[in-house]
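Comments concern the structure below.
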């Protein structure tokens with residue numbers, strides 16, 4: 001170092017600091033060699049470590065099947081829908097279309113007891129009418145027609161206006177239409193049309209009894225407690241409450 005404070009070792013000829021290699025000919029002072037990007041403070045301005053936005057560090061790959069902005073469902077799976085709804089509007093397995101959520105089907109024993117109560121309520125006035133009709137083949141046919149008209153009229157009237165017969169009301173049961181609402185007259189008539197077998201002279205009672213047993217079997221075997229007469233009417237339902 002000279003007396004004027006100048007150190008010839010610090011600033012050698014050409015302006016290159018001591019210990020640093022000279023740049024290649026034609027390259028301006030301070031510029032990186034060709035093919036080498038500057039890396040101030042370990043990266044570009046505003047991006048630590050020189051990592052571009054959205055890129056994984058060197059040597060680390062994106063997990064298979066995962067998006068950069070969110071994780072995808074496994075192959076073959078579907079995205080969940082809001083509220084857990086079925087995208088195709090289908091009912092859960094084992095549940096009939098239009099079956100009210102949370103509704104409990106009426107069990108066979110309660111429905112049978114309700115039918116007995118209704119039978120007594122309708123049968124007493126019908127038996128009184130039969131006392132005045134006398135006997136004979138023609139009278140038996142007339143009795144069958146009266147019995148059918150009384151039973152079907154009673155069930156259709158009560159199911160369409162009250163949603164249940166008196167027997168079902170006493171046992172906390174109600175009859176619903178296929179869509180879950182109240183029955184109309186046509187649907188209720190189809191549901192109780194099997195009672196028509198009772199008008200057949202001599203064998204009508206046995207035929208009606210056989211149909212009643214068959215209905216009981218189909219009710220006990222159906223997960224929703226629907227007998228074949230319910231399905232014949234389009235899917236009517238007897239539920240508790």
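Every residue gets a Cβ built from N, Cα and C, even glycine.
Annotation comment: TrEMBL describes 1-19 (among others) as compositional bias 'Low complexity'.
Taken from TrEMBL, the feature compositional bias 'Low complexity' applies to 28-42 (among others).
Feature annotation from TrEMBL assigns compositional bias 'Gly residues' to 43-52.
If you look up TrEMBL, you'll see 53-97 (among others) marked as compositional bias 'Low complexity'.
Here TrEMBL flags 107-234 as domain 'RDD'.
Feature annotation from TrEMBL assigns region 'Disordered' to 1-101.
What TrEMBL records for 112-133 (among others) is transmembrane segment.
Residues or ranges marked as transmembrane segment by TrEMBL: 139-157 (among others).
Taken from TrEMBL, the feature transmembrane segment covers 193-217 (among others). Same-chain neighbours of the transmembrane segment (193-217): 108, 112, 137, 140-141, 144-145, 147-148, 151-152, 227-229, 232, counting only residues six or more beyond its ends whose CB sits under 8 Å from a CB of the stretch.
Same-chain residues lying 6+ beyond the ends of the transmembrane segment (139-157) with a Cβ under 8 Å from its Cβ atoms: 118, 121-122, 125-126, 129-130, 133, 165, 185, 188-189, 191-193, 195-196, 198-202, 204.
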